[in-house]
Amino acid sequence: MATRYHSGDAADSPPSLPIDDDDFEYDAEEEKKVLRKVDMRLIPAVWLMYLLSYLDRSNIGNAYTAGMGRDLNMTSQNYSVVLLVFFVSYIIFEVPSNIILTRTRPSIYLPSLMFAWGGLSMCFAAVKTWQAAAGLRFLLGMLEATFAPGVLFLLSSWYKKHELARRYSLYYTAVALSGMFGGLIAGGLLQTLDGTHGIPGWAWLFIVEGAATCGVSIIAYLMLPDFPSTTRWLTPRERKILSVRLARDSVGGSQEGEGVTHGQAAAMAFKDWRTWAFSLLYCASTGAQTIQYFLPVLVKGMGYTGFHVQYMTAPIYAVALVAILVFCWSSDYFQERSKHLAAAAGLATVMFALLVGVLDNTARYVFLCFAVAGVYAACPLISIWVSNAIPHPSEKRAIAQAFVNALGNSASLWGSFLFHAGAKDYNRTGFSVNLALMVLVVVGAIVVQIFLKRNPYPEMQTPAARQAAAATKVDA
């Protein structure tokens with residue numbers, strides 16, 4: 001059955017709400033063909049980029065337990081400071097960098113930043129003091145600030161509401177896989193390269209992964225698209241199909257500012273209660289996710305030593321990988337966000353409660369696997385929900401996404417001090433805080449959904465909007 005849109009929804013103009021018209025038609029098979037073409041370029045590109053992004057930001061934990069802490073005289077408190085400064089610059093530069101992204105070509109802007117942070121990551125191999133490491137981490141946070149919210153904005157500019165979670169889950173598996181590969185790579189490098197050319201194993205970790213990042217940035221430049229209305233490897237008809245299908249879904253994004261200035265878009269985003277509600281949810285979730293930087297420390301505290309510490313972090317991320325796919329794909333299948341978010345956070349809540357009360361190391365390791373899985377599944381669900389609930393204009397959505405990500409990551413400023421090597425209370429304090437944060441996410445998911453139902457966007461009250469919403473029942 002053909003889908004009809006008003007001819008005013010041109011490929012080079014911002015999408016609007018659908019209007020039944022005979023001027024433009026395409027069938028479901030044609031739409032699927034175009035979508036597959038986009039999937040084959042966009043998803044692998046952002047997946048590879050995110051994998052290396054997380055490797056470069058999280059390998060500090062592997063390096064710390066592999067001898068970096070000893071060589072740089074870095075205490076547990078110093079290590080927390082090194083973690084913290086990354087998030088200071090990350091938070092500061094997220095919103096302005098995402099604003100730039102809306103007015104530039106993502107296919108050039110994002111790979112260029114990636115090449116820069118890959119080169120910077122290699123510089124960690126040369127640091128001699130923990131203060132120098134902290135300075136480099138600050139610069140790394142500045143360069144990586146655009147990537148996560150930028151990719152979310154880019155994905156929401158290509159896909160409908162009910163298509164986002166599955167694709168975002170594939171993209172987000174890079175986080176879990178980076179942790180899994182990070183542990184395996186760290187263990188392998190420590191066994192094979194430690195001391196080669198007088199360079200310690202932890203330094204080789206930064207050199208190898210930083211070089212890989214620079215290489216992937218070149219591949220990303222060749223693969224990454226811009227926006228539906230401006231991507232050159234699409235035909236004019238394909239560009240129009242992609243633009244008008246998003247118009248019907250009322251989520252469309254474009255390279256254009258849709259007649260809204262930076263200041264107006266920012267004001268719209270900051271005045272919207274949804275921005276602040278999702279910021280609170282993401283802040284709680286990201287605060288709990290800070291545990292990822294301490295997994296080698298926590299695993300070491302459970303009795304593992306040497307390179308075995310690195311290898312034993314891999315199963316934790318493997319369980320998280322499965323959780324991300326199950327929760328996000330189910331969320332798209334049932335076209336529902338809030339209940340899935342509450343369920344993921346609920347799983348983490350139970351596991352953190354058990355970590356507080358149980359002291360057996362084998363049991364604690366299993367509980368840790370599922371606690372991290374619940375946290376990792378919750379984060380992408382919140383990010384996707386933001387795109388669904390704040391659809392337009394596109395620059396407002398970009399600013400809202402960046403602000404939610406920035407304010408959410410502010411939790412990492414204090415989250416960096418939750419866990420400590422050799423903590424006498426078995427890190428019960430850190431696990432208790434994470435328990436409270438996950439309870440907040442469970443309650444918040446329910447409350448936000450109630451408010452979204454009671455306070456829809458005014459433009460979603462029109463007959464055309466209600467007709468479009470009837471076909472797509474994702475929380476918004």
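Numbering starts at 1 and runs along the chain as displayed.
Using the three backbone atoms N, Cα and C, a Cβ is placed for every residue, glycine included.
As recorded in TrEMBL:
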REGION    1-22  region 'Disordered'
TRANSMEM  42-60  transmembrane segment
DOMAIN    42-456  domain 'Major facilitator superfamily (MFS) profile'
TRANSMEM  80-101  transmembrane segment
TRANSMEM  108-127  transmembrane segment
TRANSMEM  139-158  transmembrane segment
TRANSMEM  170-190  transmembrane segment
TRANSMEM  202-224  transmembrane segment
TRANSMEM  276-295  transmembrane segment
TRANSMEM  307-329  transmembrane segment
TRANSMEM  341-359  transmembrane segment
TRANSMEM  365-386  transmembrane segment
TRANSMEM  398-419  transmembrane segment
TRANSMEM  431-452  transmembrane segment
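The average per-residue pLDDT of the prediction over the domain 'Major facilitator superfamily (MFS) profile' (42-456) is 87, rounded to a whole number. Taking every listed stretch (108-127, 276-295, 398-419) in turn, the largest tally of C-beta pairs under 8 A with the transmembrane segment (341-359) is reached by 276-295.
Long-range contacts of the transmembrane segment (276-295) within its own chain (CB-CB distance under 8 A, at least 6 residues past either end) are made by residues 58, 60-61, 83, 179, 313, 316, 341, 345, 348, 368, 371-372, 375-376, 378-379, 382-383, 385-386, 389-390, 400, 403-405, 407-412, 414-416, 418-419, 430, 433-434, 437-438, 440-441, 444-445, 448, 451.
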